[in-house]
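**Q** Checked TrEMBL, it gives:
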- 43-417: domain 'Amino acid transporter transmembrane' (DOMAIN)
- 74-95: transmembrane segment (TRANSMEM)
- 120-140: transmembrane segment (TRANSMEM)
- 172-189: transmembrane segment (TRANSMEM)
- 201-222: transmembrane segment (TRANSMEM)
- 242-261: transmembrane segment (TRANSMEM)
- 282-300: transmembrane segment (TRANSMEM)
- 330-349: transmembrane segment (TRANSMEM)
- 369-387: transmembrane segment (TRANSMEM)
- 393-415: transmembrane segment (TRANSMEM)
- 427-446: transmembrane segment (TRANSMEM)
Amino acid sequence: MGIGNGSASDAQGPSHKGIQDATTPLLPIKAEEEDAIHEFNGASFSGAVFNLSTTIVGAGIMALPASIKMLGLIPGILMIILVALLTEASIDMLVRCSHQGKITSYGWLMGDTFGQWGRIALQASVVINNVGVLIVYMIIIGDVLSGTSSTGVHHSGIFEGWFGPHMWNSRPIVLLATTILVFAPLVSFKRLDSLRYTSALSVALAVVFVVITAGVAIVRLIEGTVEMPKLFPEIDGINSVWKLFTAVPVLVTAYICHYNVHSIDNELEDKTQIKPIVQTSLGLCSSVYIATSFFAYLLFGEATLADVLANFDADLRIPFSSVFNDVVRVSYVVHIMLVFPIVFFALRLNLDGLLFPTSRHISRDNRRFTIITISLIAVIYLAAIFIPSIWDAFQFTGATAAVLIGFIFPAMIILRDPYDVSTKRDKILGVTMIVLAVVSNSVALYSDALNIFYRKQEA
C-alpha cells in the first residue's frame, strides 16, 4: 500500500513494512536496475525545493486574484501571508513528530497516532482533494487550448484562435492527446526527485506568467489606464460578510502540499534540510502568489474572473496584446501539465493504500499499478470532458478535504503528542488552527450553499 497501515507492527520485525511502504519506488525494480537504484545518494536541495514548490503552485493561483478582489488588496495580501505562516507551522508539526517517531509517511503518522481510522481518514482526504485538483487542472487545459462556453459566453481556445474550430482541436481530442503524450510518461517515474527538472521548468513558467502580468499592469499604470483597486472589502450587509469567507477555501487549497512532504523528506540524505526546504518553497510560492494577485487585480480590476486566465482572451490595450495573451495562456497550461504528475504521485499511493491496505506495495505489483493508474486517469479525463466548470465543487473540496490535510490533522497530532515533542506554544497554535479552520470553512460552506441555491432560483 502507499503510505503504511499505521499499526505498531509496521515498525517491528524483519519486514519493516511501514518504512518500506513509504520509501519503495513507485515502479517495480528489475534486477539489472538495482545497482543504479542503490547508487541514489539522496535528492538535492534545489530539486526538493522545486518539487515542493510545484506541489504548492497549481490551479489555485488562478483564483487568488478573485480572492483579492473579494477581500480587498490589503486584507487579501495579509491573508496570503497568514496562510503561508500557518502552513509552515503545520508542516513543522508533522516533520518533528515524524522524525522523533521515525515515521516515514503522513498516513503512517496518522495511523500511529489515531489508529486505523486515522490513516483511512487521511488517505480518503488526500484522494478527494487530489482528484478534485487534477480534474480542475484538466478542465483549465481544455478551456485554454480548446475554448469554453461554460459561463454562457464563448471564450475561444488557443487552437481555435489559431486554426479555427476543427474536430482535431475539440476538447475531447486535445485532452486525450495531452493525456497520452504528456501525462502518461510523466506519471511513470519512480521517484519524485526524477521530476526535479520538469518541476524547475514548471516553476519557471509560473514566474513567466507573473512577469508578463506585472509588466502589462505596470505599462497600463504608467499610461493611466488602470483603475485604483479597492484596498478593503465593501460591506453592505450580513450576506456580504458571509461571502468574504468563500475566499478561505481558495487560500487553503493554494498551499496544500502536506501529502508530498514525507516523500520529499524520505529522499533527502540530510534530514535537517527539510525545514529550510519548506521555508524556501513557501517563501518562493508566497512571492509568486502576492505578485500574481496584486498585478492581476490591478490589471483587470473588478472585471477579474474566478479563473483569471480567462481574462487573457481580450484586448489588453497594449501593443502585441494577442501575442502576450497567447504566451501567458500557453506558459501556464504547460506549467499545469508539469504539476499534474506531482499531485498524481500522492493520489495513486493513497488510493492504493485505501483500497488494498494489506497487499504488498504497489511498486511490486505491475497489474495493480497499471489498473489504478489507468482508472484514475480515465476518471479524471471523463470528468474534465463532461463537467463544464467545477469551481463551486473546488471550493467545497478546499473547505473539507484540503483543510483537514493542511491544518486540522496536523493540529490534532500535535495535541495528541504521541512522541512528546509538543510545547505549550504548539498546543496553543494547534487549538487556534482547529478553531479557525472549523469556523471559517463552516461559514464558507454555508455561504457557498446559499449562492448555489440562489443561482438555481434565478435560473
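All residue numbers here begin at 1 and follow the chain in the order shown.
Even glycines carry a Cβ here, placed using N, Cα and C.
What TrEMBL says about a protein is an automatic prediction, not a curated fact.
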**Q** Output the single range from 172-189, 201-222, 242-261, 369-387 maximising the number of Cβ pairs under 8 Å to the transmembrane segment (282-300).
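**A** Ranked by Cβ pairs under 8 Å, first place goes to 201-222.
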**Q** Considering only the recorded stretches 74-95, 172-189, 242-261, 369-387, 427-446, state which has the highest number of Cβ pairs under 8 Å to the transmembrane segment (330-349).
**A** 172-189
**Q** Using a Cβ cut-off of under 8 Å, list the residues of the same chain at least 6 residues beyond the transmembrane segment (172-189) that approach it.
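**A** Same-chain contacts beyond the flanks: 26-27, 138, 141-142, 145-146, 159, 195, 198, 337-338, 340-341, 344-345, 348, 373, 377, 381, 384-385.
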**Q** Determine which recorded stretch among 201-222, 393-415, 427-446 has the most C-beta pairs below 8 angstroms with the transmembrane segment (242-261).
**A** 393-415
**Q** Six or more residues beyond either end and a Cβ under 8 Å away: which residues meet both conditions relative to the transmembrane segment (393-415)?
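**A** Non-local partners: 59, 63, 86-87, 90-91, 93-94, 97, 109-110, 113-114, 121-122, 124-126, 128-129, 132-133, 136, 246, 248-250, 252-253, 255-256, 258-259, 421-422, 426-427, 429-431, 433-434, 436-438, 441-442, 444-445, 448.
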